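A.B. asks: Quick one: the structure is below, questions incoming.
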C-alpha cells in the first residue's frame, strides 16, 4: 500500500512538472512573437517594438518579388514606365573607361578621334595602360545594392540657380555632380556646398578637395596624356589652350569618361543634333546610369530667357547656342522627355 502511494505521488509530481514546462514554453514563445511589448509596466515611458528574427528575410523576399532594383519609391533604371525611355536606354554600357573596357569598338575610336584635332598619333591602349598605373582604372559602380536608394543631384551652371534657394536640397543627395568651373563658395544658399563628382576636361580643370571624384571627360588622346602628366611630372602645359601643369586631386578618385558611352549618348539620345553632346548632357546620362533617383538643377535659360552662368552677368551668354557644337534646344527637349517619363525631376529655378 505504501509503495502504491509513493508511486502515485511521484506520478502526480512528474505530471505537474511536465505541465509547468509546457506553460513556460508557450508563454515565452507568445511574448517573442508579439509585435509590440509595452514596457510601461517597467519604467512607465517606453513602448518597444519586437522584431522577429525572420523579419529581414521576409522583407527581402517581398522586395525581390516586387522586381525593383532599388529601395527608392521609383527606380530610375527599371523598365516599364516609358516605352520611349526603354527603347533608348542601355544599362549594359559603362560610363567609366576602365581596364576591362579599354578596347574601343572601331566605329567609336574613329568618331572619338574626330572630336578635336589630334596633333600627334598615339596608341590609345598604351596610353591607358600607363595612365592606369597612376589612377585606379576600375568601375566603382559595378555593384548596386537593391536595398539602398542612391539619390543624385546633377547641378548645372545656369543663371536660373541665382536666388533659387536650392542649396540645402542639393546637399541632401548621396551624389552631387557638378561640371567645369561651378564655384560653390559664396553661392551655397542656391547651389549647395557639397560635391561628390566634378566633371571637367583639361582646359576647364581645377584643383579639388580630397573627398571629390574628378571625372575626366576626354576629347582626344592628348587629354589622357595630360591627366597622367598633371598627376606626375607636370610636363604638359598646353593642348589647344593653356592647361594646368599640375593638378591637386585625389588620385584614387580619378575616373575617365568612356568614349563609347559618349557616342551612345550622341547616337541614342541627342540623335546627332550638334557635333557632340554638351558636358551637361554627359553628366546627366552618367547619373542616369549610376543612380536610382536623379534630380536636375541649373539647366536651361532663366525665367527671362537668358542663358548665362549663375556666378556671372554675361550679356553675350546666349551666343553658345548658335555655335553648332551643341544643340541646346534639342537637349532641352530631351530633358523635358525624361521628366515626362518620370525618370528625372527638374528644378527650374528663377
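Glycine is no exception: its Cβ is also placed from the backbone N, Cα and C atoms.
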A.B. asks: Pick from 7-27, 28-48: which range does Swiss-Prot record as transmembrane segment?
C.D. replies: 7-27
A.B. asks: Per Swiss-Prot, which one of 147, 197, 326 shares the substrate site with 116, 157, 180, 240, 276, 280, 300, 309?
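C.D. replies: Record check against Swiss-Prot: substrate site with 116, 157, 180, 240, 276, 280, 300, 309, extra candidate from 147, 197, 326 is 326.
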A.B. asks: With the cut-off set at 10 Å between Cβ atoms, which of these disulfide-bonded residues ends up with the most neighbours? Options: 72, 149, 152.
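C.D. replies: Buried the deepest by this measure is 152.
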A.B. asks: Across the topological domain 'Cytoplasmic' (1-6), what does the mean pLDDT come to, as a whole number?
C.D. replies: 51
